[in-house]
Each structure stands twice: as C-alpha cells, then as structure tokens.
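Contents: one structure, followed by commentary.
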Amino acid sequence: MWSDIKRQKYAHMFVLTGMLIVFIFQYLPMFGILMAFKQYSITSGIKGIFTSQWVGLKYFVEFFNAYNFEQMVKNTIGISLLKLVFTFPVPILLAIMLNEVRSRFFKRFVQTVSYFPHFISWIVVSGLLVIFFSTNSGIVNDALLSLGIIDEPIALLSDPDYFWGLAVGSAMWKEAGWWTIIFLAAISGLDPSQYEAAEIDGAGRMKRIWHITLPGIRGTIVVVLILAVGSLLGGGLVGSNFEQSYLLGNVMNNEKSEILQTYAFKMGLAQGRYAFATAIDLLQSLIAIVLVFGSNYISKKTTKSGLF
Amino acid sequence: MHRRTNEDRIFDFINILVLSLIAIVTTYPFYYMVVISFNNGLDSTLGGIYFWPRSFTLDNYTEFLNDPKWMQSFFVSIARTIVGAFITIWFTCLAAYGLAYKNLKFQKLYYSFFIIGMYTAGGLIPYYVVLRGLGLLNTFWVYVIPGAINIFFLIVAVSFFKEIPAEMEESAKMDGASDLKIYYKLILPVSKPLLAAMGLFVGVGQWNSWLDSAYFVNNNSLRTLTYRMMEIINQGMSPLDAESAERAAAVTGVTTFSMQITAMVIAVLPILCVYPFLQKYFVKGIMLGSVKG
C-alpha cells in the first residue's frame, strides 16, 4: 500500500493541496455556525468561535421579535415564489420557440443575444434599470407619457408597489435566455423520426410540441425544477435576490425590498452584530435544505426521477 | 413533403415576431448605453435621445481615462480577472489531475470530501471571520485565493481528464516521462476546450464581482470597477461631492450620471469582446456541468 502511495506521490500532493484550500474556505466557516448560539466577539478571532459563551436561542428569539420580521419573511418568500412561477416556464417556452425556427442564422442570432445578459454584472443591470425607469427623462416613462398611457411619470424604482415586479422582471431579462441552453440541448437530443411520423399522421405544430417535445424533455424539466426550488430563497434559477434587493432597494421601497439576506448583511457586517446575523443566515440555510430534500422527495414519489 | 399549412404560417409569423421582440429588448439597453456614453452629459439629462448621440462628444471617455479613481479601479478589476482566473485554473486542474489518476488510493474518499465541500457553507459572517483570521482582509489576495479551487469545475475537469485515452500516458511513461511532465506536456495541451470554458466563467465572475470588494476591503486603492459603479447606484454622493461634480459638469458637460454610463460601457466591453470566440465553449461547459453535477 505504501509503495502505491509513494508511486502516486504527486497525485496525492496535488489532491491534498486542493483539499486544504477547500477545507479552509468551505469547511472552516461551517464551524462558524456555532456563533449563532454564542456570545461571540470578533476580537476573539477564529478561536473565539469555540471558546465564547453559549447563549442558546437568544438571537433567534430576538430575530422573531424584530419589528419588521413578518414583512421581511413575506418579501423573501413572495419574491422567490413569484420568480419561480414566472421565470421557470419562460426558458422552456423560449427553447421550444427557438427550436421551431427554420432559419439557422436567425436562431443562432436570438440565442447568442439572449444568453448575453447572463454574463453582465447585476451592477450594470441595476444601472440600466436606473437609466430606463428614471422619472426624470427615463426612456420608459418618456414612451408611456408620449403614448398617452400615463399622465405623469411612474416612480418605478422608489414606489414599493413596483419592487416585486421590478425584481422578477429584471431577473427574467437577465437569466431566462441562459437557462434555455439546457432545454434546447434536451430538445435536440429527441428522435427526429418521431416528428416525421407525427407529421405524416397529420399532427400540426402545436400538437407536435404538446405530444412530442414537451414529454420528451420532461426529465430535464424535473431536474431543473428541483434545482430551482432548492435555490428558491437565493433567487432560484434567475440569480441573486440579495444583489437585487441590495442594489435596487432604497429608503423609499424598503418595506417591499428588505429580505432576510439584506437584513442579515446590515446587521452583520454593517453593524457588527456577527452572532445575530449568523443566526439569520443559519435559519435561511435550514429552509433551503428542507426545500431541496423536500422537492427531491416529492419528485421521486410522483415522477420517479430526481436529483439524488 | 413539407407542405406549409395555414397553421404553419401563423405559427411562424408569431414565433418570429415574439423572438425578434425578445432580441430587441435584450440588445437595445446595451446599445442605448453606448449612445449615451458618447453624448454630452448635461445634454443627456434633457432626455429624448433614443438611437444616436445628439451632442456627440468623447469627453466622458477622456474624463474616465483622466480620473485616477476610475482608472485605478479599472486596473484592479483587470488584475483580479487575470490573476484570479490563472490561480483558479492552476489549482483546480492540478487537483483534478491528481483525482483523475488511475487507481489512486483513497480516490472515493477524496472525491466525497470535495462534493460535500460544494454543499457546505457557513454563511457570510463565519466566512468573514475566517478571512480575517487568515489576514486576507484588505489585501488583493482576498479576491483571488478563496476561489482557488472551483469545485464545480474540478468535477468537470476530472471527468474530462479521465476521458483522455490512457494509451497516450502509457506510451509517455514508457519513454520515461514523469507525472509532472505528462501533466504539462500532454494533459494540459489537449485540454484547451476545458481551460477555455473555465477561463471564461472564472474570468467573467472575477470581472463582475463587487460583493467581496464591498465586504472584505476598505482600502480605496483596492476597489473594483463594479464597486465604484455600485457606489453611484446605491449610496448616492455626499453633498460635497455633488457640489464639485456639478461645478465640473458646468464646464465639461460630464455628469456623474454620464460617467457612470461610460463606466458601464467599459465594464461590458471586455465581455462583449471575448464572448463570440468563447461561446461554443461555454455551451459545452454548462452541458458538461449539468450532466455531471
């Protein structure tokens, strides 16, 4: 055995180096969860995670009693669910539509263009939103005004009533094209002879989509749905609830834009309440784990396919 | 055989119409941003510009190039993109090569360590405490070292390396090549698609990143380009800044707003440049990942 290891010494060295890095940056912070139950002070460093005093569920209780607790939970869940409902079907639809295009050039063009925003930072996307939706000569308000649809500019960026829609819409704009890649690939793996047979039998376009394309990619749809539900609180398939709420949230729309993540951030790094923020983070991770395993379990029961 | 029915015609018409609309809605904001970046900043605030600059100027760009704050953050972003992509590719591929080694002892054990690592997280604060303990806060290295192993790409790379025909390595071994030599002279050169996909994803991630700049750094000379834009979007300016910006705008026509848009164009430009060349790789990359992960 030792001779094996000696012969493979480089391989072991490489792997162990990688494991060390992963241990430090992935595993070590895990122990930090203890902070949620402790009287932790940043001056005690990493060691303090283990040595500081236990306080039990104090921070959780405090969090449940926070004055805006209910509204924050509502926002977190509301935005996430809306995103799931509106953005999950869109990539599937887009993939089906692209698949029906005959011109290869046009198909490629639309694909290329629709993936692009995925690679752009939320910072730039937020900047674009500010430019387009500004009440002062923003293009959207300009257009609506000159078409006579509205009489005065709508404050899309500061009116709380619009925040959820803004979050869902901009996430869709940014990421929907990206997720069509997977569905397009699944569609291209389907057997063309099925389509030919259906066509001979007189099935029209819609019928073929309904009876061949959709059932054919059911497995892919299930897997992507589980991924989406599992990452629901983080923003699902369409990226970061945190970045959106942090960048587009402001004093005016705070009641609809404050979510658990932004609150944890403000309490933690901004105000130095490390243990309290860790408790909020931990609650969130627990919900996420329940969501992943729960959706996987349900999907296995009902469709016999799942992630694990 | 393919006789176009009425349903076909209506379907195609609506389909192409909707897809064209999507293409326009996706591209126009970027186009508009470029137009405004070439327009006089004060003039832009009047609105009504849609397709080309009304008062063409390069002032926004010269102002950007002459502003040490913007330029410094621009170079920090470039540096972290290059160094970060290099470090991640280097360490991830080495570890993956080790993991893909034939009959490696403890292979299963090692592998599960990484997989579990992918799903573990302690949250922001514990992570911050670890970075602080390591002395990484307020250094350039906080941008590039924590991500040195990208577990997602590690898994992709292991399966990629395993598919390289074993005969290649065996014949090299017969010629007396060492493991290291095989890795550098044989494995890496045939893994270009993998390296390109990794380089693109990691590089774009580095280029776009601002959270770490906001959380872990408070040294102004280490701020990234995206962080500077965030400042404008999110925090507004202090009255003093606003006053001096106003005075400057009266002279040059460059406003904070037009500078921000110019910075946005500059932030998108590098991605736009590499995008067409790497597109075939990232489609392959996400497919590989979605199958394995």
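Backbone N, Cα and C define each Cβ position, glycine as well.
Here is what TrEMBL says about this protein:
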- B:74-278: domain 'ABC transmembrane type-1' (DOMAIN)
- B:12-34: transmembrane segment (TRANSMEM)
- B:74-97: transmembrane segment (TRANSMEM)
- B:109-128: transmembrane segment (TRANSMEM)
- B:140-161: transmembrane segment (TRANSMEM)
- B:182-204: transmembrane segment (TRANSMEM)
- B:257-278: transmembrane segment (TRANSMEM)
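Remote same-chain residues near the transmembrane segment (B:109-128) are listed as 99, 137, 149, 151-152, 154-155, 158, 215-216 (criterion: CB distance under 8 Å, separation of at least six residues from the stretch ends). Through the fold, the transmembrane segment (B:182-204) approaches residues 81-82, 84-85, 88-89, 92-94, 97, 147, 150, 153, 156-157, 160-161, 164, 168-169, 172-173, 271, 274, 278, 281-282, 284-285, 288 of its own chain, all at least 6 residues removed from its boundaries and within a Cβ separation under 8 Å. Counting only same-chain residues 6+ beyond the ends of the transmembrane segment (B:257-278), those with a CB under 8 A from a CB of the stretch are 30, 33-34, 36-37, 39-41, 44-45, 60-61, 63-64, 67, 70, 74, 77, 196-197, 199-200, 203-204, 207-208, 225-226, 228-229, 232-233.
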